[in-house]
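Quick one: this structure, given as structure tokens, is what I'll be asking you about.
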Amino acid sequence: MMKVLVVVALLVTLISYSSSEGIDDLEADELLSLMANEQTRKECIPKHHECTSNKHGCCRGNFFKYKCQCTTVVTQDGEQTERCFCGTPPHHKAAELVVGFRKKIFG
């Protein structure tokens, strides 16, 4: 049973990794922003830093590229603004947790 769990976790990790790379490579917005500003590509945005102005500029983590996660913030004046930060999506966190758990058990 443990072997099946490890194989399934490995497959989920590999599929998530390859799909995140494939989706990022195919996004037209990212391609246009990279072509328009070569320096942005070289200077990525670290985890937990603001990415409101450059939603495709997040750095890579240990296994996956961080994703720009946005939320709507309401100021005291009642004005709504969008604030974004680079972070790890929940399904990537789960995959990293499974891989870390596997490393602890099997070395």
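Cβ coordinates come from backbone N, Cα and C, glycine included.
Here Swiss-Prot flags 1-20 as signal peptide, drawing on sequence analysis. Annotated disulfide bond per Swiss-Prot: Cys44-Cys59, Cys51-Cys68, Cys58-Cys86, Cys70-Cys84, in sequence order, evidence recorded as similarity to another entry.
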What is the interatomic distance between the Cα atoms of Cys44 (disulfide bond) and Cys70 (disulfide bond), given in whole Å?
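Between the Cα atoms of Cys44 (disulfide bond) and Cys70 (disulfide bond), the distance comes to 17 Å.
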Among the disulfide-bonded residues Cys44, Cys51, Cys59, Cys68, Cys84, which residue has the fewest other Cβ atoms within 10 Å of its own Cβ?
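Minimum Cβ neighbour count within 10 Å, taken over the disulfide-bonded residues Cys44, Cys51, Cys59, Cys68, Cys84, occurs at Cys59.
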Listing them in sequence order, which of the disulfide-bonded residues Cys51, Cys58, Cys59, Cys68 have their Cα within 10 Å of that of Cys84 (disulfide bond)?
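Near Cys84 (disulfide bond) by Cα: Cys51, Cys68.
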Quick one: pull the CA-CA distance for Cys86 (disulfide bond) versus Cys59 (disulfide bond), whole Å only.
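So the alpha carbons of Cys86 (disulfide bond) and Cys59 (disulfide bond) sit roughly 8 Å from each other.
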Going along the chain, which residues six or more apart from Cys70 (disulfide bond) have their CB under 8 A from its CB?
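For Cys70 (disulfide bond), the qualifying residues are Thr52, Lys55, Glu82, Arg83, Cys84.
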What is the Cβ neighbour count of Cys86 (disulfide bond) at a 10 Å cut-off, with all protein chains included?
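That number is 23.
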Which residues of the same chain, at least 6 positions away in sequence, have a Cβ lying under 8 Å from the Cβ of Cys58 (disulfide bond)?
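Listed in sequence order: Cys44, Ile45, Lys47, Cys51, Lys65, Tyr66, Lys67, Cys68, Cys86.
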